[in-house]
Amino acid sequence: MTVHIINVFLENVSKPTLKTDLPRPQQRIERTEQLIYCNTLLLQDSLPLSSFEQDPTLDKAEVAWLVEIKNDPIEQDRLQWLANRMVEKFIQEGIKDSTKIAEIVALGPIFQQEPYRKLLSSLIKELDDSLLLNVDLLQGLVQLVQSSSPGYLVSDDLIKILGLLRIRLQGTHQQSTEHPYYLTLAISRVLDFMADHKIQGLDRILEQEPLSGVLSGLKGSTNPYLMYQACYAFQALQYVPNNETVLQAVLRHSRGVVEGVVKVTALGKLDLGPVLEGLGNLQEALGGIADVAGTVYEGASSLVESGQGVMASLKERYGTGQKRPWYAAIRAAYAFAQAGQLKDLNRLVCEAPCHRDPLFQWGVCQLLGEIAVDPLWSVASRQRAIELLGRLYKEDTDWGCDGSVKAWMLAIVDKLVSIDDRDVAASALILKQELASENTPMMQHPYPLRSRLLTPATSSILVTVQDVPYLEYELYKLRLQRLQEYDERAIYVLPQAKPSLLAKDDEMFPLLEKVLEFLGSDRQVMLILGDSGSGKSSFNRYLEHALWTEYKRGGPIPLFINLAAIDDPQHDLVSKQLQFHNFDEDQILELKLHRHLVLICDGYDESQQLVNLHRTNSFNQPDQWNTKMVISCRSQYLGPSYQDRFKPQSTDRYKPAPHGVFQEAVIAPFSKEQIEDYVEQYVPMEPRSWSTQEYIDKLTTIPNLMDLVRNPFLLLLALEALPDVIKGKQDLSTIKIVRVQLYDTFVNHWINVNMRRLQSNTLSKDDHNMLEMLEEAGFVAMGADYSMRLALSMFEKQNRKAVVQYVHLKDKSTWKAEFFGPDPEVRLLREASPLTRSGSFYQFLHRSMLEYFFSCTIVGPWKIEDDVDEFSYLQLLDPECPLFTRSLIAEQSVIQFLSERVQENSVFRLNLEDIITNSCRIATLATAAANAITILVRAGIAFHRHDFQGVRIPGADLSGGQFDSALFQEADLTGVDLGKAWLRKADFSNAQMEGVRFGELPYLQEEHRAWNCCYSLDGALLAVGLSSGGIALHDTETWREICVLEGHDDVAACLTFSPDGRRLASGSEDKAVRVWDCSSGDLLLTMEAHTDDVTAVAFSPCGEKIASASMDKTVQLWNSVTGEALFALLGHTNLVTCVKFTPDGRQLVTGGWDESIRIWDADTGSSEDVWELSHGPVRCLDISPGGRRIVSGHRDGGLRLWNTASGSAGPILRGHTSDVSNVMFSTNGQRIASASYDSTARLWDTSAGTLTSVFSNMTAIFHASLSSDGQHIASVDSSSEVRLWDVSSSGSRIEQHGHSLYVVAVAYLPTGQTILSGSADRTIRQWDARTGAAGSSEVVSAKVAHTIAFSPDFHQTAAGHIDGTMQLCDLRIGEIGPILEGHTDSVLGLTFSPCGQWVASASSDNTVRLWNLKNTEQGHVLANMDLKDFGRSSVTFSPTGLQVTAAGMDGTVNVYDVQTRRLLRTTALEGRVRAVAYSPNGQELAIGVEGFLFFWDLQSKEPDFGLEVSSSGVCSIVYSPCERWIACGNLDSTIQLCRRQSSDIDAWCHVATVEGSLDTVSDIAWNPVVPLEFATCGDDRAVRVWRILEGNDGDDVVSVDLVWGSNVGVLAAVGMRLDGVVGLGPINRRLLMQRGAVDGSLTFEGDESDTDPDDN
């Protein structure tokens, strides 16, 4: 067949796009078209910025605008926000006229998903609710569907719309044809969209067939437009996939038509050739099937040949349910038009296989009419559409066969004549006139030719929206300002953090992730703690920048608040900050009522706050600010109950704050990797003389510097200062650097650099002259003096506030003008000082800089030569300096700076000591003396045997100080803090001790081992269950024992008070439950039903019932008045360990070793729920006072929180390292107390899930009870003592420096200057043998080390484990080495041979093995002995290394030959041997047998001499290098000293007992260089150094002084003298007496409470 080609469109054009003038950033958008145009361009963000210029669809103006806007995220957000706000405004409008509908749906292509779906839902609802059909609303909905972006619509949306339109069509088709036409047109467009996008899910029965029926109902219409549109819709319906399979279609139609081979949605490439080919194949396929179907289908060609008109054709083929090729061809034509491919459209119209089909022609005419009427197209394209329409009419004979098509064409031309565009209308008029002679009848009343609603000339919604958001412009200005102020080039390393101050290092997490998680949660306050310089402020600024960067219109507003710069932040905090940013009152009110703020409050400590800012500002209360608060504070600023300063209040003033609204994090020091990251960023910042690696090498080589610079601010100072610090020094390993040195060098460097900057600047004549004078006077010294004076004024004039505001006209007559006025000298010094400025606000670079310069006013940098600026120190302190005029005790950072001055300047130390000494005669020196001794103690100065008689040091902080044998007679110690101090043998006779604090309470001494303890609900009584079966009752006000309740025949294992406190219930291993009268001590009831030990008892809230749990796997419920057994709860399959009533008394909760928690009905005993656990048996549990949560304790050391309503598991609280023996909620539910076999009791914050306090014991804690006021914890262990802990004591939170577990080995390096200690905590530590300063630590084992040995050259260690394995570690490279396997039980003893080749080990498997380290695969079994309770020192090599000796618990001592492994000699002693040691010459062996030392001359067969040295077992023995002394460590915590009187073996005598250690002394080492000095370690986790003092010639008196000891956080008071002390209360006196203090004045007259025997 010959195809007649009519070429009107000679080329493809750009697809039609709305274009207007492009606005400048932040310029007001005048018309909706502008907004659409701008956002349409921004949707091209898939292209990189550099690719815009290569995009051929963009002109130069568009490229330039995009480049500018792409770099302005604020403007991008504004443009999108305007569109989103227009949706909100449209939805709020009551009446939606046609212009508003057209305006809002025109935005469809640029919407984000959320506003798009909001608008879609709104339009659907409006259409559904309207009684009369709104045609504009209908077309707007369809237009919105057509403009959907991928993923915005789901099949359910379209099916819902189709259903709505079908129902509407059913109700209107019997009326006028106008509404049915628009509804049918809408259905067509929706079906087109579904077909184009392969939307599935159309149910054949529920949706497809009903719609087909409605469309078939239009068959009888005489309106050709409606008939065509209905036919078109019917065809579109056939192309929409339904949920019917191919087989089901075949069964339904007998013979169905296969799906077409080409889909319109496959036209993504819009290649004309494949489209024509596909349409041809489709026609052939459908034609072939038609031949088979016969009566079902007639081909398009037969239709044309028969000359049937469109109306007849429609009626004949209507509703056949078959696909037609003309529909696919029309969809292809629309696709070409939408892509701007008008040339291809032209060819498709002429060459389509179905181009003779009248229905195809009808559709093409409609498309050309839509192009001609649409102003988005160019005038030329619109005119050519009219031209093509006319030429088809006149020239294509196939288009003239059907009269209805020509009538339709004339109707379209007639419609175009009346449009507004004159040029297009003129073209249409000419064509109309040309065709008028054809005499073709014109169809009447054609419907509007429009494919979309035209955007109205007025933009009413946009105008309204733009009039409202002036506030948003202010926010964007603030955002832009804050983003510009943030220096993205600054060095920044994201910090790690821990959940609490006491959390372990392995609990760290990225801080930013945790804060972002907080911001997405329901919590209200997050506290960020950290040391000074840890990076809190830097993180806060980084967080603000990150939040502003991600800010979206209407989203949470980040507001950074420097609390120190706010006047009275307790009230109107947010308003004051917003006023600072120039927001007016109306804007602030708008933000308060309608917006959510993220408050980033920096420097709680710097603002000197003591109140809860969240509460005083009423945040998150009704009609108040809706906020989340991130607030930072220095850790040192806070006391033990610090969380109350930050926790939010309840919205109901009569209810406590809800749980889970507070969270905290503690910034961790930098890791090595973070330090390296920081240095890598630092080096390229400006030209440096060193590379990154050179900086790292120096940080690593200089002793202790790597630990110091784990603080970010100190790292910066170190990097700046290092070149000057090491100048001229060759051996970096001998350099000692402390923090204050870094500040000194940094300040010197800073001022010098800024002086040179001023010299290079162009200065006025006055400024230049002043600069020369300052240089002559010493610029650095003058600059330092300026900063010191400023710091002093800030402390004195504004109470330490870190920010100064200076406005000249207002402040020119105040003290501030001296530092910030316009005077040239002031200005030049200010510009050279380490200050920052923000507007009228000034502050030092860092808070610590303020404290540094303040400390320098006491002692600091000074010029000493005219021509050189350098630092020196005053020989005498200025009596007007702050040391004398104010208490510095609370200024911990200042104290730290001054304590470091002490370490580097002996003159300053002498000054301080003189002040303390002179205070005894000059009363006005009391403040200075208290400051001085606090500084010296913080400097680590030990005051052993120091004379403090009569000194005045009231309020001094001596916590952790060492005062062995110090003299404090008649000293004024009023209010002094002596917590954790070493006061062994210190003499406090007649001292003033009123208000002295020790941080601990005296323990309660019971006659029998304490097993359990319990406070009454009112806190007035403490009950203690004893191993004897008795129960001791104590009055908590006086801590006197009231009585002992006797009745149980076995251990009183569990206790509980009745709610009114009048009765006590107890359960025992005698299987009985007893009830006691607390006032009389009478036994009220004995209840027996259990068949095994009672493990737990609980009163019901009403007090009328008692529940008891037992090892017999049952829970019994009793009547607490009559003792009647009510019923038993059966269900647990193993012993039941715990039972509690819920607060309402309706339920019981039990837990047991069957790894379950069970809920029971307390009235019926029926089981209500069972929670099966996966993390082991339940050791204990408790229920919160509100009944909403349960906490359970487990064998793995974890505490698990549970939601009682759902049974769902909450967070696990990690901290304990062994079985949790007891848990309980505080009475207010805000805390949880727990006890564990790991020897600690702990307090947890329930809202944050963090650890707040740790109380360390020496042995496993079996039970602990928290008092009702939350101030005290009572705990019991394996002893007869009940420990009482002061929860409010700062000591509960003190971080101990040293080992965290018992120390098993100690040794001197050959120089005698360094000590090594090895601990079960898997580490070895270095200590300065002279001062006790802690050095580096090294992990030497992968497991807990039960014993550790050092090789003779100290290159290796060997660690023995409880599982029988051993592990070597190479200390030279810090690498943990191989595992030695052979023993089958715990390794108890290890020793290296003198040559270092051999290791001997002894184990609880009763074997001694010898290992050759050249071949560690197998250790030779040397002996089988009784070693079950073996001592760590019971295996040892001889000094020559040729022999090895091992001793057993049965008294056997064997000596073996190392080479042959042959037994050389043996002896048997009576008693257990825990230690053996060779004399240095190898001729003598000392053996510890029980409390005796036996000496064996190895030339004889048996030990020759025995000496009693202790009442308990000897567990370590060491000879001195000179062989004159032996030191023995003992199980009773003492050290016994023996001295040889002559060379005879029986010339040994016991000369001294050294007390002071707090637990077993496990190892001793003699100093190889310093005579008479030895070090000890033991199970109290401490390392100590002692020195022996001998009497004069012929004097046998020997004394031993402590040189230093590592602080283990325990008060030591053995031998402390209290004779005649004044003001010491009975509680503290009792505490000291328990710790071994001596008071010879108890019979003196005085306070009766002090002489009561119950208190001593």
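The backbone N, Cα and C atoms fix where each Cβ goes, glycine too.
Over in TrEMBL, the protein carries these features:
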- 68-415: domain 'Arm-like repeat' (DOMAIN)
- 525-683: domain 'NACHT' (DOMAIN)
- 1045-1086: repeat 'WD' (REPEAT)
- 1087-1128: repeat 'WD' (REPEAT)
- 1129-1170: repeat 'WD' (REPEAT)
- 1178-1208: repeat 'WD' (REPEAT)
- 1213-1254: repeat 'WD' (REPEAT)
- 1296-1337: repeat 'WD' (REPEAT)
- 1380-1421: repeat 'WD' (REPEAT)
- 1434-1466: repeat 'WD' (REPEAT)
- 1554-1588: repeat 'WD' (REPEAT)
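The listed stretches are 1087-1128, 1129-1170, 1434-1466; of these, 1129-1170 has the most Cβ pairs under 8 Å to the repeat 'WD' (1178-1208).
Residues 1346-1353, 1355-1356, 1358-1368, 1427-1428, 1430-1437, 1439-1441, 1444, 1446, 1456, 1458, 1461 of the same chain, all 6+ positions outside the repeat 'WD' (1380-1421), place their C-beta atoms under 8 angstroms from a C-beta of that stretch.
Mean pLDDT across the repeat 'WD' (1213-1254) comes to 86 in this model. When Cβ-Cβ distances below 8 Å are used as the criterion, the repeat 'WD' (1045-1086) is approached by residues 1011-1018, 1020-1021, 1023, 1025-1033, 1092-1099, 1101-1103, 1106, 1108-1110, 1116, 1118, 1120, 1122-1123 of the same chain, each at least six residues removed from its ends. Counting residue by residue with DSSP, the repeat 'WD' (1380-1421) contains 0 helix, 26 strand, 16 coil.
Residue counts for the repeat 'WD' (1213-1254) under DSSP, split into helix (H, G, I), strand (E, B) and coil, are 0 helix, 24 strand, 18 coil.
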